[in-house]
Amino acid sequence: MTLYSVIGAGVAGLSVATELAERGAQVQVFDPAGPPGPHGCSWWAGGMLAPWCEYENAEEPVLRFGQEAIGWWSKRTRVTKAGTLVVANKRDLPDMRRFARRTEGFTEVGREKVAALEPDLHGFGQGLFFEEEAHLDPRKALQDLYRGLVDRGVIFHKKIAPSGLENAIDCRGLSAREYLYDLRGVKGEMLIIRAPDVEITRPVRLLHPRIPLYIVPRGDGVYMLGATSIESEDSSRITARSMLELLSAAYALNPAFGEAEVLEIGVDLRPAFPDNLPRIRRLGRTIYANGLYRHGYLLAPALAKGVADLALHNIHSEMVDEDRA
Amino acid sequence: MGKSFYGVELPNPLMLGTAQYPSPAILEEAFRASGAGVATVSLRREGAGGAGQTFWQMIADLGVHVLPNTAGCHTVKEAVTTAHMAREVFDTKWIKLELIGHTDSLQPDVFQLVEAARILSEDGFEVFPYTTEDLIVGERLLEAGCEVLMPWGAPIGSGRGLNNIYALRAMRAEFPDVPLVVDAGIGLPSHAAAAMELGFDAVLLNTAVAKAGDPVAMAKAMMAAVEAGQMACDADPIEARDMAEASTPVIGKAFLS
């Protein structure tokens, strides 16, 4: 029986390994950093399964593939299906009209409905409600995939994959860029805050002329606040400006966020191809699966299916852009 | 025939920004499809140490003239530092000098602008100052060493078009030999065409294309508009008049029926 070696245990690698293992393939995983943790950029993700909201600024496959993600994840980790609420400050209402024009799958809601959905939102008279969207806790999702694989007998090697592996699947994100000439890093910054006095129950997006700001509840008064998107490949630190903008967004949603504790600061680089869509490439004995960009949890299921289709059945999904086996 | 910008003849009067596109692939296609000859690029954020490498390389690879800018700078010192960084990264003397003075309107701080323009010009930069339509400020910028002026049409990103046509026309008349670019505020091709009809030498815009539903189509529309406006300006348009003037002669027709 063929043994597949998945390299990298972030959201891409774990999803690919899961899809392969569930289809009956024999799989092992290599990651020198060990089980999922803060070393991978998917640890720092928002975990929104929001294909309709993302479609506002993304290509059509994001909408189509993204819709499969909610079902895929629901079978493997806890997914909260509470929708997404999009609001804007009064001065940015033209941006909300544009947002509405550029996507679908929402209802327009007024002051009363906004207040009914999220009583703790402060002073928003209009919004867009994307009822079908969902979210998950990315760290729990990674751990659930990891445990599921271990339960299936998949071996995790805490070391660098040996060179010359047969049937390797490289899911290392930006670390694979020496083999993927058109991969770049896009800096993202986020905060984890705790504000026990504020209760927000679903992801809320605050439209902003420059940054798509959002807040995702993680339970127990903990919120993820994200995320900048900067064409820079320096992931060493958050800038004061980014921190100010993220915190101002939370403050605009409810001034009580001013009292929040800042628990964590996350900075990392999202791997992205020029059109910001993921790719599967087979070069020699290795399949590369990469470029999830802002859409790690949203598009990892489709990426995993595409890799499994190629590896097991030689079926080329539309994500395969090059095959030089 | 357009004027030269610090000795460079541009292929056409469209300058496009490079921020806010859905992806670098769409950005590249917008340039390719429209044929815009100048790309502005912001260097301020997290630029030190060449960390923006891949994206900047993509801009350089567009094969157009790169006009780095000092977007987001609020002080002379910041702007001068950013300009030096830009000169190294893009190997160009061109700098679009932007010094923000007002938080809500992003109106330029023209006092600091003149000072920074003088410092940079003396240092060998070729400065493209983002300014208001104020004639005296324009004059001071020229004294400071600028050979191009870039007045706003409307506040950055507002898409409102030309807020003060009278003042822009006065600027054109005051500085007949200086290359003038309407920078900021353009929302529609008709705005861009109007700027060219006033006799401006180019139009610089970003948001109107990058945030359009179809940035590639909008970039092409903007190019068609600036070319139409320039052609119309060169064709010596008619004067507006208060009453109708029939285009067909009426002499010889019965008029007492």
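Just so it is clear, glycine is given a Cβ too, placed from its N, Cα and C backbone atoms.
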Further 1-deoxy-D-xylulose 5-phosphate ligand in TrEMBL, beside B:A184, B:G185, B:N206, B:T207, within candidate set B:G138, B:G145, B:G157: B:G157
Number of other Cβ atoms within 10 Å of the Cβ of B:G157 (1-deoxy-D-xylulose 5-phosphate binding site) across all protein chains: 20
Can you tell me how far the Cα of B:G157 (1-deoxy-D-xylulose 5-phosphate binding site) sits from the Cα of B:K96 (active site, schiff-base intermediate with DXP), in Å? 17
Based on Cβ atoms within 10 Å, give me the single least packed residue among the binding-site residues B:N206, B:T207. B:T207
B:A184 (1-deoxy-D-xylulose 5-phosphate binding site), number of other Cβ atoms within 10 Å: 26
Quick test of understanding: given the recorded positions B:K96, B:G157, B:G185, name the ones whose C-beta is under 8 angstroms from chain A. B:G157
In the same chain, which residues outside the set B:G157, B:A184, B:G185, B:N206, B:T207 have their CB within 8 A of the centroid of the CB atoms that define the 1-deoxy-D-xylulose 5-phosphate site? B:G17, B:A154, B:P155, B:I156, B:S158, B:G159, B:I186, B:L205, B:A208
Hey, what's the Cβ neighbour count for B:K96 (active site, schiff-base intermediate with DXP) at 10 Å? 26
Helix, strand or coil: which one is B:K96 (active site, schiff-base intermediate with DXP) in, per DSSP? strand
